[in-house]
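In what follows, a single structure is set out as structure tokens and then discussed.
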Amino acid sequence: MIAYAIGLLGLLIASIQDIKSREIENYIWIGMAVIGLLLSTYLSFTTGNFMPIISSISGFIICFIIGYLMFVLGIGGADGKILMGMGALIPSYAFPVYSSLQPLYTMEYIPWFPLLVFFNGVILMIVLPIYLFFKNLSNGVKPKKLKEYVLMLVGEYITVAEAKKGNKVVLGKGKDVKLIPSVNDDKNYDLSKYKDTQYVWATPELPLLVPIALSYIITPFLGDKILSIILPM
């Protein structure tokens, strides 16, 4: 329970930092990993069972490999770092509510909990386009072309004044809309060429760490229900 609470604190701090700057401080994931290794070492020596320290080390290594691949593929650096921290801190967790894949969890050297948290977080992220679509509909957006339907899934049709309130990537206006803009291009954040009353398409740019943090909270109760539906055993 201590490890879980520390992980939750780390994820909350990391999510706030990721929202503000799109980066997280290294002390968060390193702190999670170090504390996890220390706690598992203490538990192993006090109980005479060395499985906790083995699980912590193997969890860190496996999550490090996954995190590094994410970084190389440009999927997310901060998300990979937090995954590494979770791998060492809390590689396993008892699922009291739902688990159809229970036989797999006997392989204690695999960090099932961090991987499941990450998987459920990605699923939550996929729900965002559905939310954006219906939000645009409720705001009176009436799509006529296929491109407009796609835009309703990836962005919001809002005024420039609204876009200035948050950290949003501007997709454009009219025929100049880009469905896949570069988040590293400063021009996508430049709203000076528009009037505050003009409407533009903009993406909320929600970092993956936010749904991962939410997944961290609900996964002990949700378990692997979503995964078991996709991959029935």
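One-based numbering along the chain as shown.
Cβ coordinates come from backbone N, Cα and C, glycine included.
As the structure is a computational prediction, the values presented were derived from the model and not from experiment.
Summarising the annotation, Swiss-Prot assigns site 'Essential for catalysis' to Asp18 (among others). In three-state terms derived from DSSP, Asp18 (site 'Essential for catalysis') belongs to a helical segment.
The site 'Essential for catalysis' annotation in Swiss-Prot covers Asp79 (among others). Summarising the environment of Asp79 (site 'Essential for catalysis'), the number of other Cβ atoms within 10 Å of its Cβ, over all protein chains shown, is 23.
What Swiss-Prot records for 19-23 (among others) is topological domain 'Extracellular'.
For the topological domain 'Extracellular' (73-78), the mean pLDDT of the prediction comes to 69. Among the features that Swiss-Prot reports, topological domain 'Extracellular' is placed at 73-78 (among others), with the record citing similarity to another entry.
According to Swiss-Prot, the feature topological domain 'Cytoplasmic' maps to 90-110 (among others), an assignment based on similarity to another entry.
The topological domain 'Extracellular' annotation in Swiss-Prot covers 140-207 (among others) and is backed by similarity to another entry.
Summarising the annotation, Swiss-Prot assigns topological domain 'Cytoplasmic' to 220-233 (among others).
Feature annotation from Swiss-Prot assigns transmembrane segment to 2-18 (among others). Here the transmembrane segment (2-18) has Cβ contacts under 8 Å with residues 24-25, 28-29, 31-32, 35-36, 39, 78, 82, 85-86, 89-90, 93, 207, 209-210, 212-213, 216-217, 220 of the same chain, all six or more residues outside its ends.
Here Swiss-Prot flags 24-46 (among others) as transmembrane segment.
For the transmembrane segment (50-72), the list of distant contacts is 33, 36-37, 39-41, 43-44, 79-81, 83-84, 86-89, 91-92, 108-111, 114-115: same-chain residues at least six beyond its ends, Cβ to Cβ under 8 Å. Residues annotated as transmembrane segment in Swiss-Prot, with similarity to another entry given as evidence: 50-72 (among others).
Residues annotated as transmembrane segment in Swiss-Prot: 79-89 (among others). With a cut-off of 8 Å between Cβ atoms, the residues of this chain six or more beyond the transmembrane segment (79-89) that come close are 3, 6-7, 10-11, 14, 24, 26, 28-37, 39-40, 56-57, 59-64, 66-68, 70-71, 111, 113-114, 117-118, 208-209, 212, 216.
Per Swiss-Prot, the feature transmembrane segment maps to 111-139 (among others).
Per Swiss-Prot, transmembrane segment is recorded for 208-219 (among others).
Counting residues 6+ beyond its ends, the transmembrane segment (208-219) has Cβ neighbours under 8 Å at 7-8, 11-12, 14-15, 18-19, 24, 76, 78-79, 82, 86, 93, 113, 116-118, 120-125, 128 in the same chain.
If you measure from the Cα atom of Asp79 (site 'Essential for catalysis') to that of Asp18 (site 'Essential for catalysis'), you get 9 Å.
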